[in-house]
Amino acid sequence: MKQIRNFSIIAHIDHGKSTLSDRLIQVCGGLTDREMDAQVLDSMDLERERGITIKAQSVTLDYKAKDGLVYQLNFIDTPGHVDFSYEVSRSLAACEGALLVVDAGQGVEAQTLANCYTALDMNLDVVPILNKIDLPQADPERVAAEIEDIVGIDAMDAVRCSAKTGVGVDEVLEVIVAKIPPPEGDPNAPLQALIIDSWFDNYLGVVSLVRIKHGSLKKGDKFKVMSTGQNHTADRVGIFTPKQTDKTELKTGEVGFVIAGLKEIHGAPVGDTLTLAKNGAEKPLPGFKKVKPQVYAGVFPISTDEYENFRDALNKLSLNDASLFFEPESSSALGFGFRIGYLGLLHMEIVQERLEREYNLELITTAPTVVYEVVMTSGETIYVDNPSDLPAINNIEEMREPIVEANILVPKEYLGNVITLCIEKRGTQVNMVYHGNQVAVTYHLPMAEVVMDFFDRLKSTSRGYASLEYNFIRFDPADMVRLDILINGDRVDALAMVIHRSNIRHRGLALVDKMKELIPRQMFDIAIQAAVGSQIIARSTVKALRKDVTAKCYGGDVSRKKKLLNKQKEGKKRMKQVGNVEVPQEAFLAVLKLNE
């Protein structure tokens, strides 16, 4: 146990943690040079394409240190993006230390800061490392000072390395051995193992990644999952050296996988504790806090017969992604589907892409909404995450919208642009601190504004230098209303949205104009209206196609023409009463893209 080191790497997107982990694997000989592939740990296609890490992965390496001892390094890779902070806290719960990797050219970013504080709250030892020193713009001295200034940990003797060229990687390994404490735990106590992650394998069933806190787990042991109380047998246990390698037992302090042939997807929830079936532990380990979804959207399969496959896909995906929440929903316009809760917009995109890719589904998503707190005139408080569930205006005493505290780090030359953006998004400034070249600004912003397109616009106004990290703080009263779209007087439930009253005219006009372009012309006029309650605020009409009925009258009498035109008019009127309009899929998608 003295020779085990469990650690993870905290870093901002693009600061090089996946490359650094590649180097560590190479130096310790986890894979031969032939098998070495760039970003070994980013195993999902999506992760490679977008160049981001989404899922936590783990690797066990043997490293022969300079003091002659062989150390077992258990390295758990973590994502850097703010939407996946939950994955990060899970990875950190299994470690005793973390490497804080910072790009020596760019300096500290807001999400790194947030994850670093998470690590310090969990009492982990954080070891700073300056990466990318091979770049011409690298300035390790300035960045080291910045780490001390902003994060508040000692960084003057931080290791300088370049994961790309391999300079200083040996020193990184030595620092891990020297500065990160070995795991604590009692090998003779009853087994307690924390499930860090689970995923579904079509051949093996559920595979769980676990960290043994106390005791040990042998192959063939009967264990039970503490939250469900079910017993299972460990068919295989082992470690990843990135490849799956079987072992006979996992000892205290180790990180490895357990396969018990579980078919039931929710049999091993993430954050749960495993213990032995006979004389097991009394209490479960403190897990992770359950995260609440922040953004909800309705997701519907394009063809209704895909509904069953969609449900199975969601079940499998939710095993792997513990923060996903879903419940069935039906819509008169789109049929049956699910209402899915996400942590943020990137999470939403990734989930939708994974569903479409890994499970071959074709999906359509309604506009994302946040959860509103509604106080009714009867005095009760309800939480609404779907605009069409909002009660009638005269029953609402007060609407409250969720407010987030956003911490933005931005180079000072872009500060003005960022402040303008925050004011436009109805934000209030709380704090501003200068750290050398960077400014840390804190704003309270309505979450609805943040989830729409705030992140993209923040990046574009600051040329990509600003970074953002936000968390929910409270509900505030706000003048929010539901904007309905009516087509020929009928509400289309999938197009309803909740927005601020100051915004309705602008939004309503934009919406009806967009819809007018997309709804195909019929034989009768189609009225498209945007309404709040019973008040119509914008309207446009898709004109009818009409036949030239007077074409066969040569010269002729005007009363003859009038008769024909009136007859046509009557017919159109009758059609309008019975005709109904199909809203094409493109129209729904266009509404979502309207913010852009």
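Residue numbering: from 1, along the chain as shown.
Note: Cβ is positioned from N, Cα and C throughout, glycine not excepted.
For reference, Swiss-Prot has these:
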type    : residues                                             : note
BINDING : D14, H15, G16, K17, S18, T19, N131, K132, I133, D134 : GTP binding site
DOMAIN  : 2-184                                                : domain 'tr-type G'
- Students should find that the Cβ of N131 (GTP binding site) has, within 10 Å, a number of other Cβ atoms equal to 30
- Task: In three-state terms from DSSP, label N131 (GTP binding site) for me.
- Result: strand
- Task: Enumerate same-chain residues with a sequence separation of six or more from I133 (GTP binding site) and a Cβ-Cβ distance below 8 A; give 'none' if the list is empty.
- Result: A104, P140, R160, C161, S162, V167, G168
